[in-house]
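Notes for the one structure printed next.
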Amino acid sequence: MLIQFLTKIFSNHNNRILKKFKKIVLSVNKLEKNFEKLSDKELQAQTELFRLRLRNGETLDDILPEAFALVREASKRVFSMRHFDVQILGGIALNKQCIAEMRTGEGKTLTSTLPAYLNALNGKGVHIVTMNDYLARRDAEKNTPLFEFLGLTVGLNLSEMSFFSKRKAYLSDITYGTNNEYGFDYLRDNMVFSPEERVQRKLNYALVDEVDSILIDEARTPLIISGPSEDSSELYKEINKIVPFLNSQKKEDSDIFCGTGDFSIDEKSKQIYLTERGLIKVEKILFDKKLMNTGESLYSSNNIILMHHVLSALRAHKLFVRNVDYLVKDNSVIIVDEHTGRTMPGRRWSDGLHQAIEAKENVSIKNENQTLASITFQNYFRLYEKIAGMTGTAETESFEFNSIYNLDTIVIPTNRKMIRKDFPDLVYMTEKEKINAIIQDIQKCIKLNQPVLVGTVSIEKSEIISKELLKLNINHNVLNAKFHAKEAEIIAQAGKPGSITIATNMAGRGTDIVLGGNLEVELNKYKNITSRKIEEIKKKWQSEHDLVVSAGGLHIIGTERHESRRIDNQLRGRSGRQGDTGSSRFYLSMEDSLMRIFASDKIVHMMKKLGLAFNEAIEHSWVTKAIENAQKKVENRNFDIRKQLLEYDDVINEQRSAIYSQRNKLIDARDIKLMIYDIFKDVLKKNIILYIPKNTFHDKWNVTDLKDKLNIDFYLNAPILDWINIEPNLTDKKIIKRIIDFARINYKNKEILIGSNNMRIIEKIIMLQTLDSLWKEHLAAVDYLRQGIHLRGYAQKDPKQEYKRESFNMFSSMLELLKFEVVSFLSRINSSYAKKYIDLNKHLVITHNNTMKISRNSPCLCGSGKKYKYCHGSL
């Protein structure tokens, strides 16, 4: 009842917004005849007129109807394609910072040209975000003629591009690229030493294609730039040898820490826990291998790393499966994306898991990496002034889009009525029975000349179906998502009569399956083609198209339900595009991962009680409902994980923003002389008062230790005793000022020897290098804190609040250490070392035009809300 009520509310909300948008569509339609009358030159001149109007104070919303009418007319002339009204609706939604749900085949690529053109007019840049390099290149090449006709520049940002190519791409009005590349470029830009090394401009408008995949499926995977850490490959090998001696906890043992096994597995959270028995056994083995001292515990602070290695090894063996979670190729472990089924060369699991899997598979173990910079997609895309997205499946995730990104989801109606038949699920007891039924369904479709797309959840499942088809000599294509361009070509022709295509989750996503095959792809095979040949190909295509339509269109077979209903809908959505006929059916078994882990025991008991014969399936609404409930459980759990990840990352994100902001100010400044003087004053004062109490005279001062401190840490030999002898009534305030003045004179004398220009260069480089080094260490420390913070819950403390408090304290300490390290280094540097230092860092030296001065009344960058002068002084 409540669900129906909420559905009605959201449905009404969608209809109300569409009603408003349709009024704008009418305005666009009214302008169509006016733009049809314009010549090409007059049409092209509109872009500069729009820009002038924006400079004079009009908004993007003010010029939207005219801009969209212009793009529609330009598209008719350049592509011979007219934007449908539903595509105009989609364009309006995307400009209003919404998620536009547009079904497969509704023309999302053409729709994107509308908001992309409009938002590029202000000159701040538009980033169109795709899932892979192939789609970025394809869409850029496809839409460039239209944008260039309208006077806009288009850039392409791909991995492995040179600095100059990237810089040019980002300076374009519209830039195409992948989510990974945009994110990594942002991180790299915040690691440079001069403004000239940055490639990105200020982040203005992001238009994300397949937005559900990028902002939800990949939200749990942070982007990380890392550097090599110490070599510990031998330790991974030794720990790997322990795993065969450990036995898994029996499922009936309810207590994960007790029982007859050595470890327990939580498949839902993909975690492993040692039992008391397992702990004793592991400790004994480690004693025998001399990896741990007798009498110590794995839980001792100095053995935490060993415990981490043991758990990583167990996870590698018991939770990560070859050809499902990863492949082994060319002596390397290559991750398989759990959502797309695509391999991800170059990506590595963190926290030592990747090394543990390399040890398990007996391939060369690469060194662990230390994080230099990281950000989640959630926080990266929230940096944009405006963000919008398109996908065929967003409605089931509308709450998450709204709560995390503040984006409304608008379901755009289809241009033609959807007539695909979605048959009920068939549920079998065993995997073998299910596969038999799938093969029979495929054979039936072949007899009808009906094309089939078989969707699987992993490469391993694809290969099982493929082997069964090979036994029967049935020709088919298998897409394991290794080559994006090739997979798109195969998917494009998956609508040919009788063709059988097996694909993992989202292989080929972004490419339409046209009934009868893709005519455009077929024509592009020929370089020099006669009009007679074109007619011949078109006639053949029409014949095959009609044959497929009469056979029932594209038939979708799902080999099991995915964890998310959305991914099931994506698979179904490959059929029935633009009002085409089509059908879909999911085949399930009680051995499927979803059913085994998340479905209730009631279903299992009911299936057993029915006493089904071999190869007999159950088809019942009650079972379908139970499966949906299992999916909802997983969706809710995954949402909670993503939300929690964001809550924790928000803490470090505030610190990251503060550090990057300060770092950029340092880079953009001509010199930081005034800032260095303030830091000197602050650091010296904080160190002096440790030995000179407030409101005291010299008889209460620890002069000997103070002199040692100043000499050792700051290379400062201040004549404090002489000052006291000359002026016995010196107050604490006067002596502090005198020491600071002495240090300043000392520094100025050093500057004369080294040279002012050289000193300014050294100050900036030291500041940046020290900041980067400490930030790297801070990220590692916070990561360790994050991993163990959940244990605070056992002490009746809120882990999130504890994490916020401790990470803030760590950040504050890092800032204090930064100032100390900078002052200490600059105090010690001499003229001969200064020359060597500059020679070593010549590649970092850039001069600028403006001087940076930090206001003491500005808010402190640490996020405390206090002024600089009351919190972290001059920094």
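Using N, Cα and C of the backbone, Cβ positions are placed for all residues, glycine too.
Swiss-Prot annotates Gly105, Glu106, Gly107, Lys108, Thr109, Asp512 as ATP-binding residues; of Gln87, Gln493, the candidate listed for that same site is Gln87. Same-chain residues that are not part of Gln87, Gly105, Glu106, Gly107, Lys108, Thr109, Asp512 yet have a Cβ within 8 Å of the Cβ center of the ATP site turn out to be Met102, Thr104, Leu110, Thr111.
Taking each of the binding-site residues Gln87, Thr109 in turn and counting other Cβ atoms within 10 Å of its Cβ gives the largest count for Gln87. Counting every protein chain shown, 24 other Cβ atoms lie within 10 Å of the Cβ of Glu106 (ATP binding site). Cβ neighbour count for Lys108 (ATP binding site) (all protein chains, 10 Å cutoff from its Cβ): 23. The binding residues for ATP are recorded as Gln87, Gly105, Glu106, Gly107, Lys108, Thr109, Asp512; their greatest pairwise CA distance is 16 Å. Taking the Cβ of Asp512 (ATP binding site) as reference, residues of its chain lying under 8 Å away and at least six apart in sequence are, in sequence order, Thr104, Gly105, Ala492, Asn518, Arg577.
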